[in-house]
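**Student:** Sending over a structure as C-alpha cells; questions will come in a sec.
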Amino acid sequence: MKSPAPSRPQKMALIPACIFLCFAALSVQAEETSVTPQPPDILLGPLFNDVQNAKLFPDQKTFADAVPNSDPLMILADYRMQQNQSGFDLRHFVNVNFTLPKEGEKYVPPEGQSLREHIDGLWPVLTRSTENTEKWDSLLPLPEPYVVPGGRFREVYYWDSYFTMLGLAESGHWDKVADMVANFAHEIDTYGHIPNGNRSYYLSRSQPPFFALMVELLAQHEGDAALKQYLPQMQKEYAYWMDGVENLQAGQQEKRVVKLQDGTLLNRYWDDRDTPRPESWVEDIATAKSNPNRPATEIYRDLRSAAASGWDFSSRWMDNPQQLNTLRTTSIVPVDLNSLMFKMEKILARASKAAGDNAMANQYETLANARQKGIEKYLWNDQQGWYADYDLKSHKVRNQLTAAALFPLYVNAAAKDRASKMATATKTHLLQPGGLNTTSVKSGQQWDAPNGWAPLQWVATEGLQNYGQNEVAMDISWHFLTNVQHTYDREKKLVEKYDVSTTGTGGGGGEYPLQDGFGWTNGVTLKMLDLICPKEQPCDNVPATRPLSESTTQPVKQKEAEPTP
C-alpha cells in the first residue's frame, strides 16, 4: 500500500532539509581541501603559556602575532632544555627566537584637511598586502590588498570590513571593494568560512555574517554578475552557519544552530575551541579563575563566542553586568545574528534567481520566511515593546534593550507596527547627545553605555528609514556626526568608538587602548555626510547647524513586512 502523500507543512519541512543536506557536503569539502594552520598556543605549547603569563608585553596580542624564526618544535625543545638553567632570561630567549611585530607608523594628516579629505586620505594608509607570509606566521595570506581598521590591528576583520567597504564605495574605490570581496571568498574556499580575522588563532570562529551584504554592495556597481560569481561562496558560508542542522532534534543545539521545541531553526554565536584566546590569554585565565563555580572551559568558550559576536564584551551576554565571568553567550540566541541570517537567505534567493535557478531561489525564500516568523515569535519582547535576544536556559525572550534590536528593521524583517514601537523605544532609551547608546547599562565593558559604535549607528539609521521613521533616524545621524566632528576638530582623528553621553569624546572600556583610524567609523561617517547634506551641495565637514534635506521627509522605499496578527 502506498504511503500517504506528504501534507503541505510536511513538504515545507522537506525543502529546507534538502538544502541543509546538500550544503553540509560543501562545508565538509572546504574543510577537507585545506590544511588548517595551527594557532601559536598549540604550536608553542608551554612556551606560549609562560611568555603570556610573564606579561613581557603590555598587549597580549604582541606575542600571538610574533613570528618564530625557525621550526616551533625546535624552539620549544630549546626552551625546555634552557628554561631551568641558571641565568635563563625569557625575554632574551623570545627576542632571539622570534620576530616581533613592528609598531605601525603613526599617521600625521596634512594640516587643514576637512573631515572628508582626511578620510579619503586614510584609505591608502590603511591598505595592506599579505600575498605571502612566513611559514609559521599566525597571519594568514590573502590574494588581494585589504583595508585594516587601523591602530592596533595588522589584519583584516570580518564584520568591520562591511562598514569600511561602504566608505570605500562612497569614495569611489570600487576596486578595493572588489578586492576585499575576493579575499573573503578566498577564505571561504580555503577554510570553509570567514574567520574573525586573517590570523590562525581566529580560525575557530567567525563573526557577524556580512559576506552576502558585501556581495550585494558590489552588485550595485557590477550588477547581477557579482551575485552569480559569488553564489557558491555564499552557499558555503550558509552551510557553515547551518552545519549540523540535519541531525538536530527539537530542543537541541549544535555549534551555531539552535532548534527550538516547535522546530524553529535559529542561530547563535559559537567558537570551536574552549581554551583561553591567544590574543587575550592572561585576561581570559583570570576571568575563568574568578568564578570557580563554573568549568573554566565553559567560560573560555563563552568568551570566545562573545568575540565571535563582535560585541566583546557586553552586559548583553552576562547574568551580572558587573561580572564578566557570568557571561553565557552560547545559551543566547541573538536578534542581530538571526536578522543577518534572514538577509543572507534573501540574498541567496536573489542570487539563485539571477543564476537561473528558480527552484533553489524558492527554497531560500522558504527558509527566509520561516526565519522571519521565528524572529517575530521568539525575538520580540511584547511586554517591553522591542526586539531582544532569546534565552535558551529560561526559554524566554530577554528584557534588555540593546542597539542590536534595530537589526530586524535594517534587513526589512520587522513587522510595520513593531518598527514603530522600536522607533519609540530607541528615542526614549538609547538616543543620546552624541549618538546611539549600545545599551543603557554601565558595566565598564566597551559594548555598553556610554559607548556608541559606528556600525550600530548606521544599522539604526538605515533600519528606521526603511520603515519611514525618518525623524529618529536623522536624529541618530546628526548626533553621531556632531560627535565625530567635535572629536576630529580636537584630535585630528576618527576613533573606534565614542562616548555618546556627550560629544567630542572617544569611548572607553575594552581590552586595549582606544584605537584611531578607523575603518568602520570612516565608512559610516561618509555615508551619513551624504545622508544629511543635499546631493547638489555635498558637505566635507559636518555643518554647524543641522541642514534640512530630502532624507528628513522622504522615507526610503523598501518592502515592509506585514503587521503581526
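Along the chain as shown, residues are numbered 1 onward.
Each residue, glycine too, has its Cβ placed from N, Cα and C.
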**Student:** Looking at 485-511, 539-565, which one does Swiss-Prot call region 'Disordered'?
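**Tutor:** Swiss-Prot lists region 'Disordered' for residues 539-565.
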**Student:** Taking Cα atoms as reference points, which of the binding-site residues Asp160, Arg205, Gln207, Gly310 is nearest to Glu496 (active site, proton donor/acceptor)?
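**Tutor:** Given the candidates Asp160, Arg205, Gln207, Gly310, the nearest one is Asp160.
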**Student:** What residues, ordered by sequence, lie under 8 A Cβ-to-Cβ from Pro278 (substrate binding site) and sit at least six positions away in the same chain?
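**Tutor:** Same-chain residues close to Pro278 (substrate binding site) (Cβ under 8 Å, separated by 6 or more) are Pro39, Pro40, Asp41, Phe48, Gln52, Gln60, Ala64, Ser138, Tyr201.
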**Student:** List, in sequence order, the same-chain residues at least six positions removed whose CB sits under 8 Å from that of Gly310 (substrate binding site)?
**Tutor:** Trp159, Gln207, Pro208
**Student:** Where Arg205 (substrate binding site) and Asp312 (active site, proton donor/acceptor) are concerned, what is their Cα separation in Å, rounded?
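**Tutor:** Asp312 (active site, proton donor/acceptor) has its Cα 13 Å from the Cα of Arg205 (substrate binding site).
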**Student:** I need the most crowded of these recorded positions: Asp160, Asp312. Count other C-beta atoms within 10 angstroms of each C-beta and give me the top one.
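**Tutor:** The largest 10 Å Cβ neighbour count belongs to Asp160.
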**Student:** Cα-Cα separation of Asp160 (substrate binding site) and Asp312 (active site, proton donor/acceptor), in Å?
**Tutor:** 13
